[in-house]
Amino acid sequence: MKFVIVTGLSGSGKSETMRALEDMGFYCVDNLPPALITKFAELCYQPNSSIDKVALGIDIRGRKFFEALHESLNYLEKENYEYEMVYLDCNDDVLLKRYKMTRRNHPLAKDMQIPEGIKMERKIMEPLKELSTCIIDTTNMKPKDLKEEIKKIYSSGEDNPNLTISVVSFGFKHGILADADLVFDVRFLPNPYYVEELRAKTGDDKEVRDYVMNSKISEEFYVKLLDMIHFLVPQYIEEGKQHLVIGVGCTGGRHRSVTITNLIAEDLSNKGYRVVKKHRDSMLR
């Protein structure tokens, strides 16, 4: 049984996530009162139940029921009903832009400005974020990107189906990766930006990869980095983590971080892990 609870900030993509899960065969129920979660779980976990994948949507409109939600989650754990919680996050500026584009009002902004409603909701939702097994930052995602992310996380068939590892390159000058569990700064590695014939290329190009890795420092760093990742991943699996985000950052996110991200993703894939690779800023200037 796959039992997924979807929550997060209003405007961060919960509806898109629920639609993506529904397309993948999940039985989806949106805005279920938290007090009914336990009854619903009992029905789903009955031996004769034909439901094997469930997604429940919980949002701020049910904020008065948060106490009931915590009671329900405690009950699920007590009864050994396994569940995952996906939390959708997004930065305030993008949330505000999304609300202006759709001309919809924030559910908490009836008597206040939208930015104030977003701030209040973020504070209310923080305890749920801390309980979540998977946090997805949709700041730089379009709906199709989010759908693809959900599809990769909840697809099956790999050797380690309980953990999805996202390896993401980024540029520090464009902002740090907000949802990363691990962040590695590779700005000390040889920089192809200062080589004229390599500047317009990215870490996906062999010439850039060779330039970055053709130094003793790069080789030694990568061996030690990989050794640490190989040590950490089983610990996260043992802890029950569902989604691990590894961020690799350089200055612009085009050369060094892309190179190291590609190497990490390739190595982890070869070891049978489910890996999602993404280059957040490689096309930015």
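Cβ coordinates are placed from backbone N, Cα and C, and glycine is handled just like the others.
Noted in Swiss-Prot for the protein shown:
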BINDING   Gly8, Leu9, Ser10, Gly11, Ser12, Gly13, Lys14, Ser15  ATP binding site
BINDING   Asp59, Ile60, Arg61, Gly62  GTP binding site
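The residues near the ATP site, meaning same-chain residues not in Gly8, Leu9, Ser10, Gly11, Ser12, Gly13, Lys14, Ser15 whose C-beta sits within 8 angstroms of the mean position of the site's C-beta atoms, are Asp59, Leu88, Cys90, Thr138, in sequence order.
Here the candidates are the binding-site residues Gly8, Ser12, Ser15, and by Cα distance the one nearest Asp59 (GTP binding site) turns out to be Gly8. Around Lys14 (ATP binding site), the C-beta neighbours below 8 angstroms that are at least 6 residues distant in the chain are Val6, Thr7, Gly8, Gly57, Asp59, Leu88.
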